[in-house]
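*Asks:* The structure that follows is given in the form of structure tokens.
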Amino acid sequence: MILLKNIKAIPMIEENLIYENVNILIEGNRIVKISKDKIDAKDAYKIDGTCKLVIPGLINLHTHLGMSFFKNIADDLNLMDWLEKEIWPREAKLTPEDIELATKYSIMEAIKSGTSTLVDMYNPSSLIARSMEEMGVRGLVSYGVIDNEKPIDEKIEEIEEAFLEFKDSDLVTVNPGPHAVYTVSRESFIKLRDLALKLNTPLHIHLSETLSEVQNTIKEFSKTPVEYLDDMGIFNAKTIAAHCVHLEDKDFEILAKRNVSVAHNPCSNLKLASGIADVQKMLDMGINVGLGTDSSSSNNNLDMFEEMKFASLLAKVKSNSPTSLKAYKVLEMATVNGARAIGMENELGKIKEGFLADLAIIDLSGVNLNPLNNLISCLVYSANSSNVDSLIVNGKILLEGGKLKILGQDTLMNLANKRKEAYK
């Protein structure tokens, strides 16, 4: 048992609702009691909530954990030059051992920024899922599919094998991840859609990320990328679409009609000059939008607080209105909407009795947060990962007092810095 005592909380069950000085009891992997009254739990491990705030663990809806070795190594390039000239050649040299180390390093960074759930696209998916389990985080691990020399049927077998390996896991699920319309054939898309329906998992895809992607798809198929996928029935499977920067009016309508969830990646989109997604329009049309960091090589960090701030500021610029995408709505994107995108809205994204105990605790004593006025604005516009004190995932403490409770931070950093030389 874990007891959070005398702590402020943003439960995400009602707009702008804040609990003052409550007690929260965790038993096993669930929140079992929330009360202003004293909770008698003498055997519980107690965390003093004085000058602290608890929020639902943040959900990073789109990232590539295995790319942390490439942080700050191939900057100031457009997307295709970045991929084709810098990233893909380096990725071809990655060993399984290096992917595991890079993945665990990324997970460490995510934990220290209050992120409890990660939606990742990288391979080998079994190795990444195992790394998530070992580090204690929750995740949807998307087997990234690009058409190459390996037949699609062989890749589907590998996805199914990985899915079955982790079918009974409390923390991770493996799912199909067709990379994009420019790297995956029609035949492969349809087979991956059918697999997602069979396994009852989401598809995870990059979609309409750049103007050139949209223009080339229209030139080749006389359809936008969204129309192209919709005509194939891809959205019959639950879909998480990363980016969605360049959308026409009909694309918004299709995404809304098909209940596609969008993973908005504001910092990566800015850094690669991909454009500014019209998130406020998506939300106004009823599209579920969550937040992602993309990889630490295109961002260049995994700080979800930074993503929240940039998401709000960009929406205000895009709509020419300072009232667009208010702070609570952004926090909702990073919690409630992320949970909905992965089909766990009845278990994650809120601080509520019966929900899974995935909680991030913020130290409110930071100079950047004070004076403490509006706590929600404080989180979105002033906070960063350095303000994260603790992280609980599935009822287990992964971070406390800013210190990892699992594999040592210094060990991971030293190993990563030694191996990075091979990929310069």
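Placement of Cβ uses the backbone N, Cα and C atoms for every residue, glycine included.
Unlike curated records, TrEMBL annotations are generated automatically.
Annotation comment: TrEMBL describes 53-398 as domain 'Amidohydrolase-related'. Look at TrEMBL and you will find His62, His64, His206, Asp294 tagged as Zn(2+) binding site. The substrate binding site annotation in TrEMBL covers Glu91, His179, Glu209, Asp294.
Neighbours and distances for these, please.
*Replies:* When pLDDT is averaged over the domain 'Amidohydrolase-related' (53-398), the result is 96.
The secondary structure of His62 (Zn(2+) binding site), as reduced to three states from DSSP, is extended strand.
Remark: Glu91 (substrate binding site) has Met67 as non-local neighbours, by Cβ distance under 8 Å and separation of at least 6 in sequence.
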*Asks:* Looking only at C-alpha atoms, tell me how far His179 (substrate binding site) is from His206 (Zn(2+) binding site), rounded to the nearest Å.
*Replies:* 6
*Asks:* Neighbour count first, Cβ atoms within 10 Å, every protein chain included; then name which of Glu209, Asp294 tops the list of binding-site residues.
*Replies:* Asp294
*Asks:* Which residues of the same chain, at least 6 positions away in sequence, have a Cβ lying under 8 Å from the Cβ of His64 (Zn(2+) binding site)?
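*Replies:* Spatial neighbours, sequence-distant, of His64 (Zn(2+) binding site): Asp120, Met121, Tyr122, Asp294, Ser295, Ser297.
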*Asks:* By a simple count, how many Cβ atoms lie within 10 Å of the Cβ of His206 (Zn(2+) binding site), its own Cβ left out?
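*Replies:* By my count, 27.
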*Asks:* If you draw a 10 Å sphere on the Cβ of His179 (substrate binding site), how many other Cβ atoms land inside?
*Replies:* 17
